[in-house]
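Quick notes on the structure that follows.
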Amino acid sequence: MADTKHVVRGERRLATRPRPQPSRARRPARLAPKLGRFALFALPGLVAYGLFVLLPILMTGYYSLTNRNPFNPPTEFVGFRNYVTLTGDPEFLQALTNTVIITLIVTVLANVGGLLVAMLLDRPSKLYLALRGVFFTPVVLSSVVISVIWRAVLTDDGLLNSALRGLGVTDPPGWLSDPELALYSIAWIITWQMLGFCVVVYLAGLQGVPRELQEAAAIDGAGGLARFRNVTWPMLAPALTINTVMLLITGFKAYDQIQVITNGGPGTGTTATMAFQVVKEAFVGNRIGYSSALAAVMLALVAGVSVVVLRVLQRREVTQ
Amino acid sequence: MRRSTFVRRSIALTVTSMLVAAGCGMGTQEPAGAPAASGAAGEVELSFLVFETPNLNAAFWDAAIARATAKVPGVKIKKLVTPNVDRTAYAKQLDAAGNLPDILQSVNPAGFAEAGKLAPFTPEELADFTAPAAGAIDGKVYQLPYNTQVIPVVYYNKDQFSKAGVTETPKTYQELLDASEKLKKAGFTAMIVSGGGADTWADMYPLTGTVATDVYKKTPDWLVKRRAGEVKFADPDFVKAAGKIADLAAKGYIDKAGLSRSYADGEQAFRDGKGAMYPMGSWFATSADNNKPGFEIGAFPWPSDDGSPVTPTFTGGGTLVSSSAKNVELAKKWALAFDEDKENNDAFVKADGSIPAIKGYVPPTDMGPVYQATVAIYDQGMKDGSIVNAFSQEAGDASLPPGLADATALAVQDLITGKKTAEEFAAYLDEQYAKATQ
């Protein structure tokens, strides 16, 4: 066993050994002729990125420092007042809590489920190949379509409760009408949707685990669990990083499912997430300035958490 | 030198492209009075925002638009459909993007009007309407008051009433409770309330009934007084009205499963016999007549404590015109043609059970029994002088501030699930009112 670990770590040292770099004096001279052409090719992308990403972010930042309300002009500069108000706003705090709960559930369940399914499907057979397509289907479907389907399944008169009643359950749970359950139902739907993504990423990771390492570990007497813990799992670290970061981002920006399935209910704020709250404040309450502050906090939170998690997970990655 | 010039030019081109594109994207709405955008043969294309329901489907809107357009030469209508029934929220989104449609159907004018985004109709333009001042904001009418709706009417399943031994429709609130108890004991769900998905608004109707009988009957201008700060939601009358909803739910008379049902699913649940009473707006009447379930449907007004008549209604709900429409006068002319057209109103009556508020209008003679029963309730209300506003449906000066009707509908779910008491519900509404009027 110790040998196996040594092989993996040894490979990491080899892989991370710095390659010879061109001297500082020569590099600009080679790049300079190409820079103009690069800029030209990058132009459409830069324009699109500037218009549809950077500009809205800058405008959101600006609006967050105002009291902008299209129905109550004039717009005035209010400094950080919106951010101060946020800290004591129970609706924001409820939305933040809901978002964190959804994100944690989605990140853990989709990762665990995705890994299990990927290990089951990691076989060279046409059936398993077809099953990979089946598991990936929800990823390419629109969230709205998925929400409509799941609403039909989870309403009190829906498919699930009809089946439960058929099995003799007289009072099946109100998956969407019970305030205690609705948030978990939403988390489950997002998990289901993201499962296929995790499966594909883990499958790619599993297929990248060198067979000789597995064989060496087996020769050393390692059982299935030990091989997974000491060979497969360390080699899946890049897949774990990708999945975790993507799931975190998906969880933090959950909106479509809530809008279609619960509208933030049942009741006040039961399933409202930060993204839902941003839209509600802006287009129901007309508080564009306040909503922009909420969006700015959400952006900072998603970016901050993603960067920290990315750094932490990348530290344990090994490469071949 | 040549290289650096090329790079500079590339960067300059990028920045210029961004600025030009940004300028195009952020200023698509032309100001009022600007030259009209013309279509083929000098036609002005006006956008018209509509919403679709099971009763008001795409075919209905297409036919209605075609009839009005035939009466106003030079107009071409571009139909826009809201993604769900909440047309006011969608109109706000379009407005925020600078794309408020030229003409809008049944959008709540609150907020839009005060911000100068809507064109007012003149008294001369409103001469043909029976309630020309309905929904006025600071004395100006921005939405054509083309129809009246009774909200709610309690529609009931006559078979289930009969099987449960309820022989008379409830005249007092106590009789409503007694009937509900008999229905429950007979194994029926007493009352269907929906409000799932994006249709949270559909849970409002029992509360609209109790506010009418317990608050508006005594103080018809209650919301005007609320605006002036003379009354609060936490006052005893409103708390009593909210308490009745909490009590109906706690006793198991309101079906909590409805909180996961959309408006259409709720209507279907009543048709499927999943509940005996269905408090809903009068628009359900023609839906019931046109698509008859396997039982007979009756109708009665939401009962008051002492049995005295109270008839909550809303008059208005018609077409609005944006003050920045491509051609405001032509858009108003088209809106009037749309709302006053006899065939259109006949179609609205037949598809949506509306009671047109247009002078001299006579509904089609072949209307079904549920519509006739609904109109009878309205006529009786007019005769009794018992007409009051329908809470959360109002427009104009006596209306909730923008966004509060949505907050109320969500909080009603808390009353039904028991998450909030009546007192907590009322306090929440006072908080939300303060927030909405900041």
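Residue numbering: from 1, along the chain as shown.
Heads up, the Cβ atoms here are built off N, Cα and C, so glycines get one too.
What TrEMBL says about a protein is an automatic prediction, not a curated fact.
Taken from TrEMBL, the feature compositional bias 'Basic and acidic residues' applies to A:1-14.
Under the heading domain 'ABC transmembrane type-1', TrEMBL lists A:96-309.
For A:1-27, the entry in TrEMBL reads region 'Disordered'.
The annotation transmembrane segment is assigned in TrEMBL to A:38-63 (among others).
Residues or ranges marked as transmembrane segment in TrEMBL: A:100-121 (among others).
Long-range contacts of the transmembrane segment (A:133-153) within the same chain: residues 117, 121, 159-160, 176, 185, 189, 192-197, 199-200, 256-257, 259-261, each at least 6 residues beyond the stretch ends and with a Cβ under 8 Å from a Cβ of the stretch. Here TrEMBL flags A:133-153 (among others) as transmembrane segment.
Annotation source TrEMBL lists transmembrane segment at A:181-204 (among others).
Residues annotated as transmembrane segment in TrEMBL: A:235-255 (among others). Same-chain residues lying 6 or more positions outside the transmembrane segment (A:235-255) and placing a CB less than 8 Å from one of its CB atoms are 8, 99, 102-107, 110-111, 114-115, 186, 190, 194, 197-198, 201-202, 204-206, 208-210, 213, 273-276, 279, 298, 301-302, 305-306, 309-310, 313-314, 316-320.
The transmembrane segment annotation in TrEMBL covers A:293-313 (among others).
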Contact set, same chain, for the transmembrane segment (A:293-313): CB under 8 Å, 6 or more residues outside the stretch: 57, 60-61, 64, 82-83, 85-86, 92, 237, 240-241, 244-245, 248-249, 252-253, 274-275, 277-278, 281
Other parts of the chain folded back onto the transmembrane segment (A:181-204), taken as Cβ under 8 Å at six or more residues beyond its ends: 98, 101-102, 105-106, 109-111, 113-115, 117-119, 121-122, 132, 135-139, 141, 143, 146-147, 150, 154, 173-175, 236, 239, 242-243, 246-247, 250-251, 254, 257-258, 261-262, 265-266, 270-271
